[in-house]
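Undergrad: Before I ask anything, let me first share the structure, which is written out below as structure tokens.
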Amino acid sequence: MDTHSGKSSTIERIDPITGDTEDPPSSSSSPVHAAPEVTGLGDGAKGEAAGENADEVQVSKGGWFAYLKTRNFYLVLLLGQILALCITATNTFSSLLAAQPFSIPAFQTLWNYILLTLVYGSYTIYRYGFKGWVKLMLKDGWKYIILAFLDVEGNYFTVLAYRYTTILSAQLINFWAIVMVVLISSIFLHVRYHPTQIIGILICIGGVGILFGSDHITQGSGFGGVTGGDQLKGDLFALAGATFYGMSNVAEEFLVSKRPLYEVVGQLGFWGMFIDGAMTGIFDRPSYAQSVWHDAKVGGYLTGYTLCLLIFYSGAPIMFRLASAAFFNISLLTGNFWGVVIGVKVFHEHIHWMYPIAFVCIIGGLVIYFVGKSMLGEALKPWLGRDQEGGVDGVGTARRRVERGDELVV
């Protein structure tokens with residue numbers, strides 16, 4: 001494919017599921033099983049953006065509110081709320097498991113990594129061939145080991161934080177993860193944030209402050225009877241979890257911009273399975289004897305928890321391509337609101353009048369975040385080059401938009 005002319009061939013090797021056209025590791029004994037397909041539109045049907053490079057698209061389709069007029073903006077907004085609901089659902093299942101009682105942090109997430117390996121790891125082997133898959137692990141395995149370690153540790157410390165408090169630590173996780181993502185992206189990936197993006201982030205954080213104030217009013221300053229020592233311990237676990245989350249989010253955004261989705265998620269699941277398995281064998285052993293195993297509800301809750309995480313881990317990489325790790329994290333701030341909505345039905349809680357205000361505030365911040373962006377939004381990654389030639393041509397990437405004219409980015 002000629003990335004400089006802006007024209008793409010009408011016959012390309014494209015993944016039937018993810019749409020990624022990045023060539024896998026090849027060898028004579030490792031064939032690609034997916035047949036070439038006719039993709040895209042003919043030259044006569046190309047839109048007005050065909051033949052333009054990324055900078056020209058930015059200029060011709062730039063200006064205030066440009067991205068808000070695209071369908072991708074609404075897709076990103078919707079996807080963010082779906083992911084927030086997934087996280088809320090996993091927290092709900094964790095609470096139901098703890099009530100059994102069944103609280104084994106690393107063991108709960110182990111099944112997610114196993115399922116990711118079965119789904120995405122198996123498909124990677126199908127696409128690359130077994131020898132190609134082994135070659136991938138030998139060449140790039142160290143990158144995915146780092147990603148998996150960060151992800152596993154983020155999950156582990158977050159679950160520990162919720163053991164000691166469910167209010168302040170939750171806000172610390174949300175806030176500090178955003179801070180970490182913005183700092184890491186600015187320093188290592190050279191991302192420069194528009195003033196409206198900073199304002200949008202601050203408004204979203206203000207919405208979380210309203211949620212915190214509501215919790216403080218309705219539950220008092222005792223935080224559910226948590227002692228000062230346990231509160232401090234919970235806060236430290238929350239900061240550790242948020243730090244690992246921030247690093248893993250940025251690392252995954254970088255990797256999925258360069259490699260196919262199934263490869264990244266499959267490798268994350270594969271290495272995460274071993275790292276998480278080791279952690280549950282070392283740190284969770286006392287919890288095994290204290291947990292209830294014979295209740296059928298435990299199996300149901302674990303299944304629901306794992307399936308919600310599977311959806312979350314499948315949707316997050318698309319969000320990283322369409323938007324960024326920063327927008328991903330501020331989108332998850334509405335999870336506190338959805339948690340209360342679910343709590344009304346499941347735990348018979350009541351919605352305080354400040355919660356809808358906080359929700360509207362956060363959604364407003366998400367909209368303002370993109371006010372100053374061009375039609376490509378955050379899909380245009382600064383580390384991929386002027387025409388995004390350093391990235392993969394796949395679902396949600398700016399390279400696909402630049403090379404294929406009026407074709408949808410997704």
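Here, residue 1 is simply the first one shown, and the rest follow in order.
Placed from the backbone N, Cα and C atoms, the Cβ positions cover glycine too.
Found this in TrEMBL, in case it helps:
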- 1-37: region 'Disordered' (REGION)
- 1-15: compositional bias 'Basic and acidic residues' (COMPBIAS)
- 73-98: transmembrane segment (TRANSMEM)
- 110-130: transmembrane segment (TRANSMEM)
- 142-162: transmembrane segment (TRANSMEM)
- 168-191: transmembrane segment (TRANSMEM)
- 198-217: transmembrane segment (TRANSMEM)
- 237-256: transmembrane segment (TRANSMEM)
- 268-288: transmembrane segment (TRANSMEM)
- 300-320: transmembrane segment (TRANSMEM)
- 327-347: transmembrane segment (TRANSMEM)
- 353-372: transmembrane segment (TRANSMEM)
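Tell me what's around each of these sites.
TA: Remote same-chain partners of the transmembrane segment (142-162), defined as residues 6 or more beyond its termini with a Cβ less than 8 Å from a stretch Cβ, comprise 91, 94, 105-106, 108-109, 113, 169-170, 172-173, 234-235, 237-238, 240-242, 244-245, 247-248, 251-252, 255, 264, 267-268, 270-272, 275-276, 279, 283.
Counting same-chain residues at least six beyond the ends of the transmembrane segment (300-320), those with a Cβ under 8 angstroms from any Cβ of the stretch are 76, 79-80, 82-83, 86-87, 89-90, 93-94, 96-97, 100, 102, 108-109, 111-112, 115-116, 119, 249, 252-253, 256-257, 261, 264-265, 268-269, 327-328, 331, 395-396, 410.
Within its own chain, the transmembrane segment (353-372) has Cβ neighbours under 8 Å at 64-65, 67-68, 73, 77, 80, 194-197, 199-208, 210-211, 213-214, 217, 327, 330-331, 333-334, 336-337, 340, counting only residues six or more beyond its boundaries.
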